Amino acid sequence: MGEPNNAGYQTFGEASFPTLDKIQKVSVTPLVFLIFYEVSGGPFGVEDSVQAAGPLLALLGFLLFPLIWSIPEALITAEMGTMFPENGGYVVWVSSALGPYWGFQQGWMKWLSGVIDNALYPVLFLDYLKSAIPALEGGFPRIVAVLALTVALTYMNYRGLSIVGWVAILLGVFSLLPFVFMGLVSIPKLEPSRWFVVDFSNVDWGLYLNTLFWNLNYWDSISTLTGEVENPNKTLPKALFYALILVVSAYFFPLLIGTGAVPLDREMWSDGYFSEIAKLLGGVWLRSWIQGASALSNMGMFVAEMSSDSFQLLGMAERGMLPEIFSKRSRHGTPLTGIIFSASGVILLSWLSFQEIVAAENFLYCFGMIMEFIAFVKLRIEYPAAPRPYKIPVGTVGAILICIPPTLLILVVLALASLKVMAISSVAVIIGLIMQPCLGYAEKKRWFRFSKSSDLSSIHSV
């Protein structure tokens, strides 16, 4: 990702909270695993890529897709996140480039996308337990279990971001270790010829691209809590670089093991198939470990996503986009109102199916990413001399070229969406377009109190 450019810059946008000096900032290692869980959480969920396209295209996809999507998104996040080292992240970028109205739309779509995504994890966690506890398969016990799990994980977020970061480390190590063992026991059974199987006449391109996109996006989510990071100008680019290596490795090598050590049956490659491969290679104990790791991985993704969503709302409130109550912190330094709202959204949306959740969040996420790319290029053109502690080593033309491949991919993903998903997502977008002027009216009538932190500088003042 290049070297941080630290020569002679003046930071702006860094908020200071005198009453929160004792709150521990997030260092590099916890931040790496927070990014890991924002984006990935491990190889659970990549199995559909083999079912859709076969081993060769699945392996190539998780090597090439990061080049056209993950790396550009991570680079832009590193530059813009250090340019605006405050909570709110991409909302602040878009607001600075396109104005507060579009900044609010960015915040609404990305927050809703994150909450939709988070509604998936308690459901998936219970799906891994229902074989052992059949009562969790449906009905009242399942509803109670979803609520209890959501409340427990929400409380973890309330207790502090440093706790969430170290929990993410422990869960990450536990989730990835069984694949290391599976790789070791698979060596005698590997047949490299299996990796090159491909049938272009039998490829489900929609499922293939959606699986890659869902498993390799959300690199920008970490930007919404940059204000909680220790020395973000150096820590954020480093953490993104290490997390990129960790995420790609955590996808590619398990796929290499699974497709090379077991005879191919594409229909079997669906969610949870890695646990069956583990049983074939290592026995019941390894399958149980994989299943447990998969279940706990969902917990890691939940707490990381909720941290991002809640601190985004706090950052928006500090910018005067939301009522002041969203900027209030608990005694642990966490955004209490943002956590409550994000948890409520998760509970309300938990009834959606897996396919609807993935498709809806991808659709809204794509809209948000287009605005981020526009903001990135516009700020490069209009404010070329603005302080950028980390700067992608390309000029204006290079900045535009970086955004072209992921933008084309976004258009493909949008075109593949079903009419139902388009309709639901369009309604969500329209709600955001109406909500912002309504909040402005509420501020004018003094129904809610709004305030802008004096510690946050505008790019126009640089």
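Each residue, glycine too, has its Cβ placed from N, Cα and C.
Remember, it's a predicted structure, so these values are computed and weren't measured experimentally.
Per TrEMBL, these features apply:
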type     : residues : note
TRANSMEM : 52-71    : transmembrane segment
TRANSMEM : 164-185  : transmembrane segment
TRANSMEM : 240-264  : transmembrane segment
TRANSMEM : 336-354  : transmembrane segment
TRANSMEM : 360-381  : transmembrane segment
TRANSMEM : 393-417  : transmembrane segment
TRANSMEM : 423-442  : transmembrane segment
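If you look at the transmembrane segment (423-442) against the transmembrane segment (240-264), you find fewer than three C-beta pairs under 8 angstroms, all six or more positions apart, and that falls short of contact. Sequence-distant neighbours of the transmembrane segment (360-381) (same chain, 6+ residues past either end, Cβ-Cβ under 8 Å): 73, 76, 79-80, 83, 90, 93-94, 96-98, 102, 105-106, 109-110, 112-114, 116-117, 210, 213-214, 217-218, 220, 352, 396, 399-400, 403, 406-407, 410, 413-414, 417, 421-422, 424-425, 428-429, 459. Between the transmembrane segment (164-185) and the stretches 52-71, 240-264, 393-417, Cβ pairs under 8 Å are most numerous for 240-264.
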